[in-house]
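Visitor: Please find one structure pasted underneath; my questions will follow.
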Amino acid sequence: MVATCLQVVGFVTSFVGWIGVIVTTSTNDWVVTCGYTIPTCRKLDELGSKGLWADCVMATGLYHCKPLVDILILPGYVQACRALMIAASVLGLPAILLLLTVLPCIRMGHEPGVAKYRRAQLAGVLLILLALCAIVATIWFPVCAHRETTIVSFGYSLYAGWIGAVLCLVGGCVILCCAGDAQAFGENRFYYSSGSSSPTHAKSAHV
């Protein structure tokens, strides 16, 4: 029963974390920047936000973004962080699909428990790789951006990335280390067989 609960916890945690990584990848509020001194920006009420795909200006009644489409003039760290976040988002899809197939409520024919166990281990590895890509990108980007401009604060995109990466890392570790062995994956299923006393007699394996 404990292994079953940990499998579900690992799946839910990883799924929520993956959504956070996707939000971070697709939004541009990574860091809040200031083109002047911080007191001047606050007095003018003019701040900027910088992300992977656009630089934005936020002022009273104005929000304008300039897409970063010219790859040749983009800083190397922006391109590298783009690649890392895209890789993290893509890795999450097969990891979540694999975790779906190993949940206790899902049964694919009469497959042995070792097959589910191997899929769970692969999903756990993918989730840890996802988390590492997101962690590197969300730390590297603000450090390098600080060298180019004054950073006032971190944006919600960066916080979503940190939370998502940690959740994926926790979910992957739970799946790899705590969700049981091949025997546990084989026992966490329910099946039905006909009994002599009634036409439909439910029988369940020990969990």
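For all residues, glycine too, the Cβ spot is worked out from N, Cα and C.
Grabbed the feature section from Swiss-Prot, which reads as follows:
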- S193: phosphoserine (MOD_RES)
- S194: phosphoserine (MOD_RES)
- S197: phosphoserine (MOD_RES)
- S198: phosphoserine (MOD_RES)
- 23-82: topological domain 'Extracellular' (TOPO_DOM)
- 104-122: topological domain 'Cytoplasmic' (TOPO_DOM)
- 144-157: topological domain 'Extracellular' (TOPO_DOM)
- 179-207: topological domain 'Cytoplasmic' (TOPO_DOM)
- 2-22: transmembrane segment (TRANSMEM)
- 83-103: transmembrane segment (TRANSMEM)
- 123-143: transmembrane segment (TRANSMEM)
- 158-178: transmembrane segment (TRANSMEM)
Visitor: Six or more residues out from either end of the transmembrane segment (123-143), which same-chain residues have a Cβ under 8 Å from its Cβ atoms?
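Guide: Sequence-remote neighbours of the transmembrane segment (123-143) are 10, 14, 17-18, 21, 24, 30-31, 52, 77-78, 80-81, 84-85, 87-88, 91-92, 94-96, 98-99, 102, 151, 154, 158, 161-162, 164-166, 168-169, 171-173, 175-176.
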Visitor: Take the topological domain 'Extracellular' (144-157) and find every residue of the same chain, 6 or more past its ends, with a Cβ under 8 Å from one of its Cβ atoms.
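Guide: The answer is 23-24, 27-35, 37-38, 41, 47-51, 75, 77.
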Visitor: Could you tell me the mean pLDDT over the topological domain 'Cytoplasmic' (104-122), as a whole number?
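Guide: Looking only at the topological domain 'Cytoplasmic' (104-122), pLDDT averages out to 75.
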Visitor: Quick check on the topological domain 'Extracellular' (144-157): DSSP residue counts for helix, strand, coil, in that order please.
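Guide: Split by secondary structure, the topological domain 'Extracellular' (144-157) comes out as 7 helix, 5 strand, 2 coil.
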